[in-house]
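Notes for the one structure printed next.
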Amino acid sequence: MKSSLALALLVGGAIASGPQQQVLREPVDHPQAAETPLQKISDIFGHLSEQAGNVWEDVMDKFPDTLMDAITQTPPPKKHNRRPDSEWDHIVRGSDVQAVWVEGDAGEKHRKVGGRLDTYDLRVKAVDPSNLGVDTVKQYSGYLDDNENDKHLFYWFFESRNDPKNDPVVLWLNGGPGCSSLTGLFLELGPSSITKQLKVEYNEFSWNSNASVIFLDQPVNVGYSYSSSSVSNTQAAAKDVYALLTLFFEQFPEYSRQDFHIAGESYAGHYIPVFASEIMSHSHRNINLKSILVGNGLTDPLSQYPHYRPMACGEGGYPAVLSSSSCQAMDNALPRCLAMIQACYNTESRWSCVPASIYCNNALIGPYQRSGMNPYDVRSKCEGGSLCYTQLDDISKYLNRNAVMESLGAEVSSYESCNMDINRNFLFQGDWMQPYMRVVPTLLAQMPVLIYAGDADFICNWLGNKAWTEALEYPGHNEFAAAEMKNLTSQNHEDVRVIGQVKSAGNFTFMRLFGGGHMVPMDQPEASLEFFNRWLGGEWSDKSP
């Protein structure tokens, strides 16, 4: 699940706290503050240019106190209790894997797998399917440990229900940044969901119907993962994910021979292109990466942010949520927002990217948040707290049960679905507005890329995702931009059922899924499993030599 709106609006939500607050307040004089806040900003972010200083002064005039509190807040370490090595079925030492050298075809010696692995270990527990009843298939859970930096990432693997010896392997990532991928497991595409009575309920449309799936809690301090340190940008998280996959496939080489895909949603629109690039940067690897899939993602803010106003104001296929005056205010704010995002793109520095996040989220997402409607589904009101889904409370209660934590080998004292501290860290590192779509052209030269979007989502809406795919500069740009949106028809029924629209050219595919919100597998489980299986089967990949 994405970023909660509190996430997306760390400032637009936490700072724009009241429903009556204007999108941006008029500047207020704070004579006692003088220049001290800006000096503190300079201490944190480094030297500010005159232009950047002016932007920060303006932003801090509008959010004088809570902004500094958010920037300087240091969260306490997550409580945990590490289990002894004797409780694990397998431990893979990264130093052992790194030490293996092999001989190439030309007689040259090289490491079997690239990348720095010596600080990492992988702990593996064989999960007894009968204990929890989530699925009957073979399962593993455990931790990737970065011993040098005291980081511990939790994962849960489910083998395919169909033909695990031949079916592909998929890594699933929820977004946030700071939301657990166990949300995806129990709310969207995993083998079971959790009822209000905290019972597991079988999901016939689970994505492990024809693929083995790894659910990963990342970055650290998300879900069951923990650390005394932190990760606050996508590039740093990519190193951890590469290490986890490398050690996992070293322990289970039978899965490394299968095709491998990375899928996720929301802020995974940042994660996935960078994680895939990290994997492909190693010429010697045991990860057979074949494609990536991003659902309702945030990848190119400059192309996507102009579509918040149309989606909220009745131009995305659903009735308007906001009043005409709110829509006009969003239009008025857009030019400045885009100028700030462009400045971030030009420098890729914190001092440009952080103000863009603060201003744009407040001006273009804030009005929708204050409407009380669900940012993940324009058809419904927000219920159950800032994340808008009461089911998340049931999932958290289930995953906080001692019996569940014991069965999985979890080492934290408690589970929470989203960690707002992680979100804040990423935002104030400037990661939110970074132009990560710039790595996609290189990926398109290597593998198929699917961008799909449920068309009822606001926060990462289909209009914006279609726009950035059509704007992407790469050799196939003209062909893809000119490609026709065609009906996506289900092949699982005798009668004709149109489940969405799709356009595809070369290795690039965009898909609009009808009736799906931010979490397509939750809203349209049968349709999502169908397009997923068809994608893994290569239906839209480039067949040219």
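The backbone N, Cα and C atoms fix where each Cβ goes, glycine too.
Within the set Cys337, Cys344, the cysteine that Swiss-Prot bonds to Cys353 via a disulfide is Cys344. Of the cysteines listed (Cys360, Cys382), Swiss-Prot assigns Cys382 as the disulfide partner of Cys388.
Cross-referencing Cys327, Cys360 with Swiss-Prot gives Cys360 as the cysteine bonded to Cys337, criterion being a recorded disulfide.
Listed in sequence order, the residues of the same chain lying 6 or more apart from Asn507 (N-linked glycosylation site) and placing their CB within less than 8 Å of its CB are Leu444, Ala445, Met447, Pro448, Val449, Gly476, Ser541, Asp542. In this structure, the recorded positions Ser266, Asn487 were compared by how many other Cβ atoms lie within 10 Å of their Cβ, and the smallest count belongs to Asn487.
Per-site Cβ counts within 10 Å over the disulfide-bonded residues Cys179, Cys337, Cys353 peak at Cys179.
Among the recorded positions listed here, namely Asn210, Cys388, Asp457, Asn487, Asp457 has its C-alpha nearest to that of Cys360 (disulfide bond). Counting other C-beta atoms within 10 Å of each candidate's C-beta, the disulfide-bonded residues Cys382, Cys388, Cys418 are led by Cys418. Cα separation, Asn487 (N-linked glycosylation site) to Cys327 (disulfide bond), rounded: 30 Å. Comparing Cα positions, Cys353 (disulfide bond) lies closest to Asp457 out of the recorded positions Asn210, Cys313, Cys382, Asp457.
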